[in-house]
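Enquirer: First the structure, then my questions, so here it is.
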């Protein structure tokens, strides 16, 4: 069966390059639109407050926070279904529902309806950000994945940044929030139509018509993986911290460059129309991070493999070969946080935004490595492992979105950000420990 599988033209890794990259492009579009939708409404928070006559910042933050929570809850359902009924079915149905729910958001009569619909749209829109890495794992061999994961991972990292930029211009032109949601609706509808025409199924067991009952029986639920696999748990927590900090960065940029000072925090007083441009620092650095990752991640993997082969004589690739490149990315994240912390309000605005640039670049490098590491570790059950990481990430990010401004209002930019830097330092031993003990943990892992 294995030989037949490897040689069959239907097998995704044997597809021509054009078909592979068409799939990557369509999945990447879904993966960037959902995160864009997470922050695009945050820019219109003042308009939402005025429309619904709200009086406290916590209620205003609910549509954004609950959407991010939905992005975490969705994979609990969608990941197992994708391993039973195929990836393509899940992509098409979930993104179609996502489009319809965004129309409902536009027509919401009150904040309660808007918040509930945002939660549901987050669940429906989670397919692209949660399943994409496993789809790429279906299509590309381990030594080729770095190049493909780089443009895909650009979406979940760059999406929140682009949401801020796009939202800033739309709100400035329309002076309201409904067109924020109409923009997402139109973009997601077009993307789903293109996916219906050109997206192909990639999950090999489904393509080989294995019995769905067998797949369902053996499919490890994401929550089970989170609590029984140390590798999945450690990487999920590590990943969640850095992604939560990304959303906190989006909050602090609004505070730092806004037209008026909020919550007693210093502001550079940029006018409303260009406030969103502050996100471009992190955004352009994410592009740089994507370029670096695409160019050097596979080379780092090959170099680590050569060292392993020389040291042990083993010619078997292991997931731990991804970790050295990830450690570089996370060190850059820490550098960016410290630079931002001690320059915000003390130096010209380009200095803290340069710190945000370092953060964005390192964040993308780490993001790609973590996703690829989990795909390598869990193979055909990668979607469930990634779902476990994403639900952890989004629960933490949801909390950060709702109460994050308190972190800067009380201790200030400097010590608020240094608290996050200290958390990053505390988590730094995780990849080193996995590099040393990962093979042992994988042997003791639950029987998939």
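Don't overthink the numbers, they just go from 1 along the chain as shown.
Glycine residues also receive a Cβ, built from the backbone N, Cα and C atoms like all the rest.
The transmembrane segment feature in TrEMBL is assigned to 21-48, 60-78, 90-111, 152-171, 177-200, 245-266, 278-297, 325-344, 351-375, 381-403, 415-434. Annotation source TrEMBL lists domain 'Major facilitator superfamily (MFS) profile' at 23-448.
I'd like to know what surrounds each of these features in this structure.
Expert: Outside the transmembrane segment (177-200) by six or more residues, the chain places 12, 15, 19, 22-23, 26-27, 29-30, 33, 36-37, 40-41, 43-44, 47-48, 51, 88, 91-92, 95-96, 98-99, 102-103, 105-106, 125, 166-167, 170-171 with a CB less than 8 A from a CB of the stretch.
The list of residues near the transmembrane segment (278-297) in space but at least 6 beyond its ends in sequence, with Cβ under 8 angstroms from a Cβ of it, reads 146-147, 149-151, 153-154, 157-158, 161-162, 164-165, 168, 249-250, 253, 256-257, 270, 322, 325, 329, 353-354, 356-365, 368-369, 372.
Within its own chain, the transmembrane segment (325-344) has Cβ neighbours under 8 Å at 242, 245, 249, 252, 256, 266, 289, 293, 296-297, 300-301, 351-352, 354-366, 369-370, 373, 413-418, 420-421, 424-425, 428, 431-432, counting only residues six or more beyond its boundaries.
When Cβ-Cβ distances below 8 Å are used as the criterion, the transmembrane segment (351-375) is approached by residues 133-134, 136-137, 145-146, 149-150, 153-154, 156-158, 161, 232, 235, 238-239, 242-243, 245-246, 249, 253, 256, 278, 281-286, 288-290, 292-293, 297, 319, 322-323, 325-326, 328-341, 343-344, 382, 385-386, 389, 413 of the same chain, each at least six residues removed from its ends.
The list of residues near the transmembrane segment (381-403) in space but at least 6 beyond its ends in sequence, with Cβ under 8 angstroms from a Cβ of it, reads 42, 58, 61-62, 64-66, 68-73, 75-76, 78-80, 82-83, 87, 122, 126, 129-131, 133-134, 137, 219-223, 225-226, 229, 232-233, 235-237, 239-241, 243-248, 251, 370-371, 374-375, 448.
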Enquirer: Compare 60-78, 90-111, 152-171 by their Cβ pairs under 8 Å to the transmembrane segment (21-48) and return the stretch that comes out on top.
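Expert: Highest pair count goes to 152-171.
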Enquirer: Are there residues at least six beyond either end of the transmembrane segment (90-111) with Cβ under 8 Å to its Cβ atoms? List them, or say none.
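Expert: Cβ under 8 Å, 6 or more out: 27, 30, 34, 37, 48, 52, 54, 59, 62-63, 74, 78, 81-82, 117-118, 120-121, 124-128, 131, 178, 181-182, 184-185, 188-189, 191-192, 195-196, 199.
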